[in-house]
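The feature site 'Interaction with substrate rRNA' is assigned by TrEMBL to Tyr3. Per TrEMBL, S-adenosyl-L-methionine binding site is recorded for His18, His41, Ser102, Glu120, Asp145, Gly146, Asp166. The feature active site, proton acceptor is assigned by TrEMBL to Asp166.
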Amino acid sequence: MNYRHIYHAGNFADVLKHAVLALLIRYMQKKDKAFRVLDTHAGIGLYDLSSEEAQKTGEWRDGIGRLLDAELEPQAAEILKPYLDAVRELNPKGEITRYPGSPKLARMLFRPQDRLAAMELHPEDYLRLSRLFEGDFRVRVTELDGWLSLGAHLPPKEKRGIVLVDPPFEIEGEYERLVKGLITAYRRFPGGTYCLWYPLKKGAPIKEFHEALKEADIPKMLCTELSVKSDRDATGLSGSGLIIVNPPFTLKDELHRALPVLKDILAQDRYASTRTFWLRGEEVSDEDD
Ligand code: SAM
C-alpha cells in the first residue's frame, strides 16, 4: 500500500468526486430521516495543502485552487455551493491551506441524526483518521479492508445511505473489483445510493468497465466523466469518472449544467471534455454531453 492521498488532495478528480458527494448528501437531507455514509476507502480526512507532500505535486492548485479563484455563473455556483461552502469554512482567512477529504466533508454537512462509517486500511492513515474523529459519536472509523465492508457493513441500520467507493487504483484489476464490489453491495442494499470513483488515463479499460456494469442487474446507473486533458501522452490521470447508482432525480440535470463550467475552469489543454449519461435506466443514451 504505497498510495498516499495527500499528494493528490484537492486535485481535479477530488473536485468532481467531492462536489457530487456533497450533492448526494444534501439530497438525502431533503427527508428528516437519518442516513449513513459508508466511505470504504476514506483516507486521512483532512489535508494540509501547505505540507511538503501536497506542495511537491501542487495538484490542488489546478483543482480546488482554480475553482476557488473562478467567477462562477449563478447556476453552477448554486450546484457547487454545499461543497465550496465546506472548503471555505475550513479556510476562513481566504487563502486555502486545509482541504476536506470525503469523510470530513460528509461530517461537515451532517445534521445531528446522520452517521458516517469510514474504512481505512493503511495503518498510519487509519490512526490519523481516527484521531480526527476522536470522541465524535456520529463517526465510526474502522481499520478494515473497504471491499469487505461492502458485505459486512451493509445494509446500514438506518436503511438509507450513500456508499462511496474510492479505491487508490494502485493494483491491477481495480475496475473489475469495483464491478464485483458493487454487485455484492447492491444485493445487500438495493435501495442505497452508490458513488464509485474511477480514473481516466491512457489505456484504461473504460468500455469494458461500462459494459460489465451494464450487465449487472442494477437498474439505475448514471455515469459522469470529466477529462481535463488529452490522454495521448499522459503518464498520470487525464480525468476521472463516477458511477452513481440510484442517483437523485435532479442529479443528471445538475451535472449537465455544472460540468461544462468545471471543464472550462479545470481544463489543462484543448482536449478537455465531459460527458454525463445513463448507463442503465431512465432514458438510456450513449453519451449525451
Ligand atoms: N475517499 C478519500 C477522499 O475522497 O478524500 C480518498 C481516498 S484515497 C483515493 C484511497 C485510500 O484508500 C487511501 O487512503 C488508502 O490508504 C486506502 N486504502 C487502500 N486500500 C484499501 C482497502 N483495501 N481498504 C480500505 N482502504 C484502503
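Cβ coordinates come from backbone N, Cα and C, glycine included.
All annotation found in TrEMBL is predicted automatically rather than curated by experts.
For the pair Asp145 (S-adenosyl-L-methionine binding site) and Tyr3 (site 'Interaction with substrate rRNA'), the C-alpha distance works out to 15 angstrom. Summary: among the binding-site residues (His18, His41), the fewest other C-beta atoms within 10 A of the C-beta are counted at His41. Cα of His41 (S-adenosyl-L-methionine binding site) to Cα of Tyr3 (site 'Interaction with substrate rRNA'): a span of 11 Å.
The CA atom of His18 (S-adenosyl-L-methionine binding site) is located 19 Å away from the CA atom of Tyr3 (site 'Interaction with substrate rRNA').
Considering only the binding-site residues Ser102, Gly146, Asp166, the residue whose Cα is spatially closest to the Cα of Tyr3 (site 'Interaction with substrate rRNA') is Asp166. Shown are the recorded positions Tyr3, Asp166; the one with the most C-beta atoms within 10 angstroms of its own C-beta is Asp166. Listed binding-site residues: Glu120, Gly146; maximum Cβ neighbour count within 10 Å falls on Glu120.
Site extent for S-adenosyl-L-methionine: the farthest pair of Cα atoms among His18, His41, Ser102, Glu120, Asp145, Gly146, Asp166 sits 22 Å apart.
Of the listed binding-site residues, namely Ser102, Asp145, the sparsest Cβ surroundings within 10 Å are found at Asp145.
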